[in-house]
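> Take a look at what TrEMBL says about it:
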type: ACT_SITE; residues: 254; note: active site, proton donor
type: BINDING; residues: 254, 255, 256, 257, 258, 295, 366, 417; note: AMP binding site
type: BINDING; residues: 258, 294, 295, 366; note: Zn(2+) 1 binding site
type: DOMAIN; residues: 178-461; note: domain 'PDEase'
């Protein structure tokens, strides 16, 4: 009774508003947007203003229902991102930027210019890390560097300081210009509740923005000991993660949130199956990095379309797994850059003996949405069907073969899921269960429940389609809704 009532008790935090203590209470079921509006109102900041919240030590506090509580002796402060002031640190950056510009003006050869840009960026990033500059200051530096780089590009008539890692293939098969960014996402303070939730398959991936997902991924690499084991520079890790995020497209399904979803499930399986006791840290690094990179620059159209449409990718890889080859190529291109190389001098040949197991674990995580609770898993089905329908519509327009499971006129959500769960998901996870019995209750049983759920939905659809068996249909509807006493 006590635990039930405490879950509905409001959460209270204390703010420093113009030197006065402001008490703010909100429901644990509020959305992050509602909490942000409440914080703006409490801090006399106009609504819809971009804000951040910091603790007394200046660390960012994630604005969501799981944020850590504080006390009147340890006040949080809400800061408007549109009114930041840089002061003396701005002068430091301006001086550094002036020196970079002066050096650029004396550069004539492209290799010398590229080396100078890389060195100056590294110097600026170290100063940012050591001086503890705020997000606003980093954004100012990023914008100034971008203007400077664009100016030098226009003068030199070529690309300067860009990393060849992002490729967008338009309809005519031409590559768009690659992109490169300086890491600028803030470090969020993750609550203990969030840290524990990250280790479980029930984690709700829909409540997090991209910056927060990046911080969670960064935490996973630190928590698994990968940063220490491979002597990773935290700045390099940040840049690499941001480069990964920038190279996922805004597809309905194959996007950065899917990347985070797969990576979080891998992190959960590593903890659930006690893999650190059975594998090396290098194996852990391979599993996590493969999960993060597995769908890089996915165009939203599968291998079948690539081959039938004779796209540039299909031609490049001779119709042999064009997407998988492309994901891998982009991943290695990012990792090969000096500023993004998080695994320096690591020899992987000695770690191939358990390759098959690692491949199975990665595939399990990639297709693991139905392991999650229904309210988390079902929106992913909608996203996948939307991407499928986009492809099949295009295939019809271009006169290409259309797979029945992607045709909006033939497939339904139950028919799309039942066969996949019965003949792919359950057999694969039951095989893994023979090695790791502890996953049965947490991962395999939810798959069986999901199969039963969609089979019941299909029975209702079939009864409605036939136009008969109304009593059977009503009984099934009541069962699915959990209301056997419902009168219709």
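A Cβ is built for glycine as well, from the same backbone N, Cα and C atoms used for every other residue.
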> From the Cα of residue 254 (active site, proton donor) across to the Cα of residue 366 (AMP binding site), what is the distance in angstrom?
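Answer for this pair: 11 Å between alpha carbons.
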> For the C-alpha pair, I'd like the distance in angstrom between residue 295 (AMP binding site) and residue 254 (active site, proton donor), rounded off.
7
> Averaging the per-residue pLDDT over the domain 'PDEase' (178-461), what integer do you get?
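A mean pLDDT of 92 is what the predicted model shows over the domain 'PDEase' (178-461).
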> Measuring Cα to Cα, how far is residue 294 (Zn(2+) 1 binding site) from residue 258 (AMP binding site) in Å?
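About 10 Å separate the Cα atoms of these two residues.
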> Which chain-mates of residue 258 (AMP binding site) that are at least 6 residues away have a CB under 8 A from its CB, listed by sequence?
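For residue 258 (AMP binding site), the qualifying residues are 248, 295, 380.
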> Would you mind ranking the recorded positions 254, 257, 294 by how many other Cβ atoms sit within 10 Å of each Cβ and giving me the lowest?
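Across 254, 257, 294, these recorded positions, the one with fewest Cβ atoms within 10 Å is 257.
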> Quick one: largest C-alpha distance among 254, 255, 256, 257, 258, 295, 366, 417, binding AMP per the record, in angstrom?
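Taking every pair of listed residues, the largest Cα separation comes to 23 Å.
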> Given the binding-site residues 255, 417, and counting only Cβ atoms in the protein chains shown, which has the most within 10 Å of its Cβ?
417
> I'd like the Cβ neighbour count for residue 295 (AMP binding site), meaning other Cβ atoms within 10 Å of its Cβ, all protein chains included.
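By my count, 24.
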